[in-house]
Every structure is written in structure tokens, then in C-alpha cells.
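Visitor: Just dropping this structure here.
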Amino acid sequence: MAKCLLLLLLVVLSSLLGLPQALECFQCNRVNASGVCETGGSTCQTQGSQQCFLRRIFENGTLSYGHQGCSQLCIPMKLFNPSVIVEYKCCHDSPLCNKF
């Protein structure tokens, strides 16, 4: 009886503490400028401290292609080159938050 109560207490506490839950993210190695996955898109589940990410590449000011998925290391940033901009976005607030 005491073991059952202890187990129940652990379950309740873990839900109250907001322990990380797996998050579903869009996954595609190449998304075209129209937002269509060209490489057979799917979804992935984050594990541990992973986040969903979205990388978009702009060439001469026009969206060219992108990449989306789950990543252990995701730092939101924009990298600039005279003709290319690479934009990284990270999210972990809702399922499928990395929509292209």
C-alpha cells in the first residue's frame, strides 16, 4: 500500500514540476521556397533538451530553401553574406512549432 502511494506521489509531482515532455517537430532535409518537402518529410520527437528547429536560406533577398527537424543544439540567429542570409529559428513551446 505504501509503495502504491509513493508511486502515485511521484507521478503527481513529476507532472506538477513540468518535466520535459517529448515534442513533435516537422522534419525535412530540403523544403522548397513554396514550403513543400522535396525529400519525403516526416516528424521527429525531441528527446532530453532537444528543440524543434527551422533553417531558412535566402539568396539575393528571395527565400530559396529550408531545413527543419529536431536538434540538440539550436541557437536562434541570422548569418549574413553579401548574397546569402541563413536564418535559424528554435522552438519548444508547442507541437509542430517549426512549420516552414
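Including glycine, each Cβ sits where the backbone N, Cα and C put it.
On a predicted model such as this, the values are computed, not experimentally measured, just so you know.
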Visitor: Which residue among Asn32, Asn60 does Swiss-Prot mark as N-linked glycosylation site?
Guide: Asn60
Visitor: If you pull up Swiss-Prot, which of Cys28, Cys70, Cys74 shows a disulphide to Cys44?
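Guide: Record-based pairing for Cys44: Cys70.
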Visitor: If you look at what Swiss-Prot says, which of Cys25, Cys28, Cys90 makes a disulfide link with Cys52?
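Guide: In Swiss-Prot, Cys52 forms its recorded disulfide with Cys25.
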Visitor: What residue among Cys74, Cys97 is stated in Swiss-Prot to be the disulfide partner of Cys90?
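Guide: So the cysteine paired with Cys90 in Swiss-Prot is Cys74.
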Visitor: Taking every protein chain in this structure into account, which of the disulfide-bonded residues Cys25, Cys28, Cys44, Cys90 has the most other Cβ atoms within 10 Å of its Cβ?
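Guide: Highest number of other Cβ atoms within 10 Å: Cys25.
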